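Engineer: Summarising the annotation, Swiss-Prot assigns Mg(2+) binding site to ASP92, ASP94, ASP96. If you look up Swiss-Prot, you'll see CYS93, CYS111, CYS118 marked as Zn(2+) binding site, on the strength of sequence analysis.
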Amino acid sequence: MTLTFASPPQDKAELESGPAFTPRFDEKGLITAVVTDARDGELLMVAHMNAEALSLTLETGFAHYYSRSRDRLWKKGESSGNLQTVREIRTDCDQDAVWLKVSVAGHDATCHTGRRSCFYRTVGVADGEAKVAITDDHRHFDPAQIYAGN
């Protein structure tokens, strides 16, 4: 069974305080998903979901996302074994973003680079230019081995 979502109410108070989950997908049919570790709160990734991905996530308890670059649905961790079990989903005040608190199986890594989080670099300024510096270079798995042939 695939869940369907009602259109968001016109009444702002109903949208912000009513009991119905009525996600506000953007013009491309997507909603932003912020993903953190349910255990320690670390920010793991930011992704997008279409209605099908959100529905599958709610129905199965496993995180599904929509890849804009590949133009397809994907179950997070299906290739790597690092499945995300959803412990809680929250939505923001105007229901145009969701927050998933997850437990990560396998190597406890979320990023395709093998790192725990996709946010492994800091941004700063050096010599008048914006630069990035790697602050977490620990890889929980070797992407070349995990994704060979993909």
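All positions are counted from 1 along the displayed chain.
Backbone N, Cα and C define each Cβ position, glycine as well.
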Engineer: For CYS111 (Zn(2+) binding site), which residues of its chain lie six or more apart in sequence with Cβ-Cβ distance below 8 Å?
Structural biologist: LEU44, MET45, SER117, CYS118, TYR120
Engineer: Cβ neighbours within 10 Å, counted over all protein chains: which one of the binding-site residues ASP92, ASP94, ASP96 has the most?
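Structural biologist: In terms of Cβ crowding, the pick is ASP96.
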Engineer: Quick one: what's DSSP say for CYS118 (Zn(2+) binding site), helix, strand or coil?
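Structural biologist: Note: CYS118 (Zn(2+) binding site) is coil by DSSP, not helix or strand.
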Engineer: For the recorded Mg(2+) site formed by ASP92, ASP94, ASP96, name the remaining residues of the chain with Cβ within 8 Å of the site's Cβ center, in chain order.
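Structural biologist: Leaving out the recorded residues gives ARG24, THR91, CYS93, GLN95, ALA97.
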Engineer: Across all the protein chains here, work out how many other Cβ atoms are within 10 Å of the Cβ of CYS93 (Zn(2+) binding site).
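Structural biologist: Its Cβ has 10 other Cβ atoms within 10 Å.
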Engineer: Have a look around CYS118 (Zn(2+) binding site) and count the other CB atoms within 10 A of its CB, chains all included.
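Structural biologist: Here the count is 17.
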Engineer: Reduced to three states, what secondary structure does DSSP give CYS111 (Zn(2+) binding site)?
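Structural biologist: The residue in question, CYS111 (Zn(2+) binding site), is coil (DSSP, three-state).
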